[in-house]
């Protein structure tokens with residue numbers, strides 16, 4: 001037994017070999033038998049299955065079986081019209097303990113020393129030349145049924161690795177690896193790559209390569225493996241693992257991407273997976289594939305429809321062009337590798353080089369985990385994995401890392417950036433900023449936004465200070481040298497605050513210090529200048545972040561932004577100023593803004609009705625475009641020698657904003673004591689129209705003792721005098737050419753017309769669709785809201801002697 005365990009050297013083709021590797025047993029999760037019935041097969045497929053089984057039986061790959069295990073077997077016809085036998089091993093795989101992958105990635109052919117001669121071989125039917133452990137064979141039994149059960153079924157079991165078995169790839173790698181280990185031991189100075197059934201040998205001289213290959217042939221045969229004689233490559237160009245290998249250059253094999261099959265998410269996912277696999281050779285920066293990556297966004301259903309956009313089509317064309325022209329280099333095993341980091345658009349690009357020879361490209365993923373990733377952090381994030389990649393390729397850290405930073409910026413990065421400290425941990429090589437002089441990298445689209453230029457980390461001296469605030473009702477405001485309030489559609493306080501900061505950055509073209517009570521917005525604004533913004537399914541948020549970044553980058557002057565806690569009651573000017581900004585978006589201020597937008601009430605009326613300051617009330621009116629254009633300097637309402645009601649009627653000419661139609665005769669009444677006014681739209685100016693107007697006035701103002709009118713026919717008729725007599729009203733008319741009463745009426749007309757125009761053009765009320773409704777809204781504003789010069793109450797309060805307040809009862 002001991003002699004059997006010792007290495008037993010035998011002679012084969014004149015070369016000393018060792019005992020072949022033994023079969024590798026499987027580990028089972030359970031001892032429970034697995035039996036899946038064989039389904040019926042058509043006669044044609046059944047005949048093909050019998051032929052294939054006999055062929056495998058003759059080759060010794062299967063043997064007759066009486067196993068209590070069974071898996072279904074079937075055949076498929078290949079394009080060549082030949083049949084292929086497959087076994088459905090899903091049920092058996094479920095009870096096998098997985099071994100795990102041994103080669104999680106492809107070996108890089110760039111590590112093959114340049115100018116070394118090569119031989120590449122392919123093992124023939126590798127799975128079928130590797131034996132199963134004897135105790136595992138019965139688990140892979142299958143049945144060939146008979147038509148109509150006219151005879152017993154024929155049963156076989158596999159003696160070699162069956163295709164579709166969970167651990168067949170791992171066992172194949174292990175078995176071939178053990179067969180090649182004596183070759184590696186004896187020819188340690190040769191470079192041997194083994195990936196499944198593909199084997200590449202390189203040696204410094206052709207004689208050394210021949211010796212190595214001769215020994216390898218013997219070891220492969222001794223292990224029971226067979227070399228495919230028609231696939232032996234001994235001259236350039238070599239084809240290995242999808243690459244075309246020459247003496248010094250390596251190129252991707254020429255392929256054409258089919259675009260007509262790209263219809264679903266699954267199609268694009270596979271395409272981009274294949275492109276990503278070859279990108280380290282092609283050198284396509286992340287920014288050049290943004291539109292292709294964007295197609296993967298949206299519905300996660302693999303069958304969800306996707307469309308190839310014109311921009312993405314151009315990017316596929318770029319990939320095809322790179323496949324035709326891209327190349328990397330085989331290395332000099334004695335020279336160290338270096339890492340170059342280029343500040344490309346979107347995210348940095350890494351390049352592994354040796355002297356000036358390109359070895360491999362390195363990129364960051366298109367999407368990030370964090371909402372904002374600083375460009376400096378992206379550089380550090382790229383350096384870390386690329387260092388590990390270089391160690392994986394050659395076993396050593398890069399000799400030098402070249403970055404687009406000055407020595408002082410590198411020093412500051414080590415002090416302030418945690419990502420930088422992690423990415424360059426334990427690095428003992430050189431950090432430089434001098435790039436090699438070569439045209440290889442000139443096509444890269446570089447960015448200048450590496451470190452902040454506009455954003456400052458310390459407060460600016462001799463700069464304006466502006467406080468911002470946003471509310472969940474969509475109102476945003478800032479206060480400082482001037483105040484501004486904006487209504488936005490956002491129902492999030494943070495998004496409203498973001499709009500406030502953007503507005504400040506746009507409005508102040510000078511150095512500024514911004515103080516906000518949103519820590520989230522402050523951090524976002526600090527980082528956004530050089531950050532990669534993570535895509536969000538929220539389009540609204542994407543637009544805000546992109547607008548913030550564009551606004552910051554377009555500025556000509558620096559800014560500083562910091563956070564202040566709201567509602568702390570701390571003493572000092574900062575807290576007070578922040579409260580002032582809060583007040584601008586508070587409920588009282590917002591209600592004042594909304595009322596003015598509806599009615600265009602004057603500043604005194606706003607101050608009287610709401611808990612706002614004079615400055616805030618005036619600012620609301622001054623920021624109204626209608627009130628700025630139409631408001632004239634405030635005049636006193638005029639004085640009449642006696643207290644009475646003045647009446648006037650006249651036809652109003654059609655105004656561009658007032659379409660009165662048939663109701664173009666506006667009758668106006670004004671109380672000389674309170675200046676309370678009442679007006680109605682009528683179709684004429686006869687006595688009947690005057691009486692109708694007065695009854696409307698009585699319903700609002702009550703019945704007056706005196707009425708003063710002009711000498712119009714509607715006021716001098718007997719019918720009108722009889723009407724006044726019934727209501728016990730004294731009537732007088734104005735003295736011709738005496739303007740005391742007439743001036744009040746004319747000013748009232750002008751005030752009413754101006755108010756109507758303002759509300760019609762700039763009011764928020766969409767319900768006032770008829771002339772009388774428009775007139776009533778104007779009268780409500782003038783009587784119940786506005787306060788005029790030298791007055792402390794509204795006209796309605798002056799008339800009744802009571803303070804206006806919301807009605808507490810119900811209108812029935």
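Just so you know, glycine gets a Cβ as well, placed from its N, Cα and C.
Because the structure is a prediction, the values reported are computed rather than measured.
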Same Mg(2+) 1 site as 497, 517 according to Swiss-Prot: which of 469, 507, 538, 539?
469
Of 419-460, 545-586, 587-628, 629-670, the range Swiss-Prot labels zinc finger
587-628
For Swiss-Prot, the entry motif 'LPQG' belongs, out of 153-156, 157-160, 161-164, to 161-164
In the predicted model, what is the mean pLDDT computed over the zinc finger (587-628)?
75
Over the span of the motif 'YXDD' (195-198), count residues by DSSP class, listing helix, strand and coil in order.
0 helix, 2 strand, 2 coil
Number of other Cβ atoms within 10 Å of the Cβ of residue 497 (Mg(2+) 1 binding site) across all protein chains:
25
Counting Cβ atoms within 10 Å of each Cβ, the densest environment among the binding-site residues 469, 517 belongs to 469
CA pair residue 627 (Zn(2+) binding site) / residue 469 (Mg(2+) 1 binding site), Å rounded to integer, equals 26
In Å, rounded, how far does the Cα of residue 600 (Zn(2+) binding site) sit from the Cα of residue 497 (Mg(2+) 1 binding site)?
27
What does the structure give for the C-alpha distance between residue 497 (Mg(2+) 1 binding site) and residue 596 (Zn(2+) binding site)? Integer Å is fine.
23
